[in-house]
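J.: Just passing along the structure, written as structure tokens.
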Amino acid sequence: MTITPAEALTRCIEHREIFHDEMLHLMRMLMRGEMSPQIASALLMGLRVKKETVGEITAAAQVMREFATPVVTPNPQDLLDMCGTGGDGSHTFNISTTAMFVAAAAGVPIAKHGGRSASSSSGSADVLEALGANLTLSPEQVAECIQATGIGFMFAPAHHSAMKNVAPVRKELGVRTIFNILGPLTNPANAANQLMGVFHPDLVGIQVRVLQRLGSRHVLIVHGKDGMDEASLGSATLVGELKDGEIREYEIHPEDYGLSMVSNRGIKVANREESRELVIQALDNVEGVARDIVALNAGLAIYAGNKTDTIGQALSLAFETISNGSARAKLEEFCAYTRKFQK
């Protein structure tokens, strides 16, 4: 079923849903550059004001995946993505990027999808470059890196070239649109497992249901009640879990796992160099907030990656992986391997 952009805009104004096939059609028009900037911006704002539904987001994510340049691996059902929507305004160091080295050292194969800073002080690509990684890898080289080191990093702009057709509209609008929540749903390696941080509590229930419809295996969507798009030490964390096709929503607290509840002030950074320092401190097992929040998020990733039966077991494994030096060694191994491909 097709729908014109004008008809879709009328639906948004009347707070009525755009159906799945209609949303597929509209997204394909957007990704092919077949809408004028005026109509595209009106539609994106209409969806935002109406509030995007699970069905609309699912259809949009399917189209973005359709247009993406894929990374082909033998076992996508075992891969884990760790990323956040960003936009939480917390300006903390790159927690999930650090945690991926811990999870990988614990045996979880990582296919991380990320980019440069949009609203934070340091995006995942920014800090990985500061740590010495080469990110200009072809899809085949990313797949090789996953096979060899247990980690692959997919630089989002390199895999979503069709986004160039909506980039000027997004930039001029300067506010969040559906695309801010689509990035973490469109992993080019089709990773079936995921730890995703979200900037708003409402997105916990929404994103977990979208990934259920998209066929994910084991997913944890997290939002710190202090506003972080990570599991937080400064508050309880809301969790939406998809496992074996079933969804559960609950809260976790640092004290549940023997961690102290502490402010996140000590892990705020102004640039990628400051973020790099905290990454190294955490992986070098320097006691403090940076190490503990990395361990907490790595524990959730290890659990989402199906290495343990409980979050508690996964957190113990995360601390062990940091303290025995294997997480820091994984960082060095990954960076060295990516540099093999430098021209």
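Every residue gets a Cβ built from N, Cα and C, even glycine.
Pasting the relevant annotations from Swiss-Prot:
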BINDING   Gly84  anthranilate 1 binding site
BINDING   Gly84, 87-88, Thr92, 94-97, 112-120, Ser124  5-phospho-alpha-D-ribose 1-diphosphate binding site
BINDING   Ser96, Glu230  Mg(2+) 1 binding site
BINDING   Arg170  anthranilate 2 binding site
BINDING   Asp229, Glu230  Mg(2+) 2 binding site
J.: To the nearest whole angstrom, state the Cα distance for the pair Arg116 (5-phospho-alpha-D-ribose 1-diphosphate binding site) and Asp229 (Mg(2+) 2 binding site).
T.: 16
J.: Calculate the distance in Å between the alpha carbons (Cα) of His113 (5-phospho-alpha-D-ribose 1-diphosphate binding site) and the residue listed as 'anthranilate 1 binding site', and round it to a whole number.
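T.: Distance (Cα to Cα, whole Å): 10 Å.
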J.: So among the binding-site residues His113, Arg116, Arg170, who's got the most Cβ atoms within 10 Å?
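T.: Most Cβ neighbours within 10 Å: His113.
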J.: Filter the binding-site residues Thr92, Ser96, Asp229, Glu230 down to the ones within 10 angstroms of the residue listed as 'anthranilate 1 binding site', Cα to Cα, kept in sequence order.
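T.: If one measures from the Cα of the residue listed as 'anthranilate 1 binding site', the binding-site residues that come within 10 Å are Ser96, Asp229, Glu230.
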J.: Between Asp229 (Mg(2+) 2 binding site) and Ser96 (5-phospho-alpha-D-ribose 1-diphosphate binding site), what C-alpha distance do you get in Å?
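T.: Given the Cα positions, Asp229 (Mg(2+) 2 binding site) is 10 Å from Ser96 (5-phospho-alpha-D-ribose 1-diphosphate binding site).
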J.: Just to verify a number: CA distance, Thr92 (5-phospho-alpha-D-ribose 1-diphosphate binding site) to the residue listed as 'anthranilate 2 binding site', in angstrom, no decimals.
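T.: For Thr92 (5-phospho-alpha-D-ribose 1-diphosphate binding site) versus the residue listed as 'anthranilate 2 binding site', the Cα atoms are 24 Å apart.
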J.: Whole-number Å distance between the CA of Ser96 (5-phospho-alpha-D-ribose 1-diphosphate binding site) and the CA of the residue listed as 'anthranilate 2 binding site'?
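T.: Their Cα atoms are separated by 25 Å.
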J.: Would you kindly give the Cα-Cα distance separating Glu230 (Mg(2+) 1 binding site) and Arg170 (anthranilate 2 binding site), rounded to the nearest Å?
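T.: For Arg170 (anthranilate 2 binding site) versus Glu230 (Mg(2+) 1 binding site), the Cα atoms are 25 Å apart.
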J.: For Asp229 (Mg(2+) 2 binding site), just count the other CB atoms lying within 10 A of its CB, please.
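T.: Result for Asp229 (Mg(2+) 2 binding site): 27 neighbouring Cβ atoms inside 10 Å.
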J.: CB neighbours of Ser96 (5-phospho-alpha-D-ribose 1-diphosphate binding site) within 10 A?
T.: 26
